[in-house]
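Student: This is the structure I want to talk about, given as structure tokens.
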Amino acid sequence: MNEVVFKGSRSGLKMILTNTIDFATNENLIRQKLDASFKFFEKGTVIHLDADWLSELQKEKLEKLFDEYGLILQNAENDDSAENHATADNANSDSADNGMKMPLKTTVINQTIRNGQEVISDGSVVINGNVNPGATVIAAGNIDIHGACRGIVHAGAFGNIKATVSASYLIPMQIRIADMVARAPDKCMSKEDAPYPEKAYVSDGQIILEQLTGRR
Amino acid sequence: MSEVIVITSGKGGVGKTTTTANLGVGLAKRGYKVVLIDTDTGLRNLDLLLGLENRIMYDLVDVATGKVPYRKALVRHKKHDNLFLLPTSQIRDKSAVDGDQLVDICNQMRSEFDYILIDCPAGIEQGFKTAVAAADYAIVVTMPEISAVRDADKIIGELNRADKTHIKLVVNRIRSHMVEAGDMLDMSDIDDILAIECIGQVPDDEMVVTSTNRGEPVISNKKSLAGQAYSNIVGRICGEQIPFLDLKKKNLFDKLKQMLHV
Ligand SMILES: Nc1ncnc2c1ncn2[C@@H]1O[C@H](COP(=O)(O)OP(=O)(O)OP(=O)(O)O)[C@@H](O)[C@H]1O
Ligand SMILES: [Mg+2]
């Protein structure tokens, strides 16, 4: 199920398709994915389409599909270069940027995010429930999980390197903050591996974990 | 009172058919009138587990298409005469029956049967959608390993999306000594991830396999721990409060051993 991938990038939220499967299959997979997750999408969220190989007609079809879910699909501009520049060094200018555009809103979700479901937000996200293995949370701002985080979490997904991920039990498959990645050890982790609530943030060019007091 | 229960899992081979057969026999032993509907076209089907292969005349597709009334297709169990099977089609096409047709068949059966159990195919495709369409509630079967639990998690998401929110969990093939080895999950992690009520913890038990070969589900075997676990599930389905079997006697020792090694 990794043929259709949603990914945060400096220029916004992207949907990446592989050209190894035909359009009808891609369309189907997208629909499945939106069906599984759409209620977690903020209405009016803009998603950039990264699939040059599609015809105009096919792109139009996809735009209509997204429109059914209240989402806006746009053609991705050539932003690869911008993406590659993202390093810890220009973090400051970047977050200042973000701050100027608009204050980030916070979405609160009161349920467990299950395998195959994705939460995508152009603000911050608070989840009162677990994020299970195979679930993904992507947010432009912070991610705060009041429960166990076992899935993939991407905070500051549009380039904000000041973003944080916190959880009562932080045992994720992968943590991403802006373009930094940290992954879990190759064994399956249990709650015992997270004796206290933790917060992940970027410091000195790497993702570090810090104990959170007064939580859980 | 009539209840339609679908037995589903996501991942294949975790014990859906075994569970359906055992619960069917267990409920029949308690005097309920039970029908098992096989919606899968796999290799180890319900008819085999119940030793009824040679008695099949008509199947689910014949009933769905109106070729015969359901009573004509039912196969009565040899020992338990209030247990019936509606066999799966031998035609390997899971889309031959749709959800509406199954709902219709179940509605016809409700007045005659106390329990209607539906054995679901693996996966989340059309066969799954058909099987769950008629269900009042779902039993999700999983095993204590990460891939099976992840599939169960996905299935629960799908069930919720189909407005099925009444879901119970059965954890099958528990091997306590493997939980400690690291690639098996323990019950508390499974409970925490899936967050649905667990009504069964069934140990891995060779007698499940040997009894399958004899066409008599393991629940009839008093000596089998798995059989006992299935009896307990039947009790819980009937609303009884039954504590779980202690499958972890060795755990404390294993844990100590592990700590000494570090
Ligand atoms: N508790 C158990 N202990 C030992 N073996 C078991 C147990 N439960 C099931 N098995 C064995 O595991 C295999 C798969 O079981 P079963 O056919 O019931 O799974 P299934 O979920 O229906 O599979 P499918 O997805 O193919 O329909 C069978 O060979 C069965 O005998
Ligand atoms: Mg089966």
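Glycine residues also receive a Cβ, built from the backbone N, Cα and C atoms like all the rest.
I grabbed these lines from TrEMBL:
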- B:LYS11, B:GLY12, B:GLY13, B:VAL14, B:GLY15, B:LYS16, B:THR17, B:THR18: ATP binding site (BINDING)
- B:3-165: domain 'AAA' (DOMAIN)
Student: Looking at Cβ-Cβ distances, which residues of the chain lie under 8 angstroms from B:GLY15 (ATP binding site) while being 6 or more apart from it?
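Tutor: Long-range Cβ contacts: B:SER9, B:VAL141, B:MET143, B:VAL170, B:ASN172, B:ARG173, B:VAL202.
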Student: List the residues in the vicinity of the ATP site, defined as same-chain residues other than B:LYS11, B:GLY12, B:GLY13, B:VAL14, B:GLY15, B:LYS16, B:THR17, B:THR18 with C-beta within 8 angstroms of the site's C-beta centre.
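Tutor: The surrounding set, listed in chain order, is B:SER9, B:THR19, B:ALA122, B:VAL141, B:ASN172.
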Student: Using a Cβ-Cβ cut-off under 8 angstroms and a sequence gap of six or more, which residues of the chain neighbour B:LYS16 (ATP binding site)?
Tutor: B:ILE7, B:THR8, B:SER9, B:ASP40, B:ASP119, B:CYS120, B:ALA122, B:VAL141
Student: Using DSSP and collapsing to three states, where does B:GLY12 (ATP binding site) fall: helix, strand or coil?
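Tutor: In the DSSP reduction, B:GLY12 (ATP binding site) maps to coil.
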Student: Have a look around B:GLY12 (ATP binding site) and count the other CB atoms within 10 A of its CB, chains all included.
Tutor: 13
Student: Mean pLDDT for the domain 'AAA' (B:3-165), rounded to an integer?
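Tutor: Mean per-residue confidence for the domain 'AAA' (B:3-165): 92 out of 100.
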Student: DSSP on B:THR17 (ATP binding site), three-state: which is it?
Tutor: helix
Student: Of the binding-site residues B:LYS11, B:GLY12, B:GLY13, B:LYS16, B:THR17, B:THR18, which ones put their CB under 6 Å from ligand 2?
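Tutor: Result: B:LYS16, B:THR17.
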Student: When you measure from the Cβ of B:VAL14 (ATP binding site), which residues in the chain that are at least 6 apart have a Cβ under 8 Å away?
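Tutor: Within the chain, B:VAL14 (ATP binding site) has Cβ neighbours under 8 Å at B:VAL141, B:THR142, B:MET143, B:ALA148, B:ASN172, B:ARG173.
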Student: Suppose we draw a 10 Å sphere around the Cβ of B:THR18 (ATP binding site). How many other Cβ atoms does it contain, all chains included?
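Tutor: Its Cβ has 28 other Cβ atoms within 10 Å.
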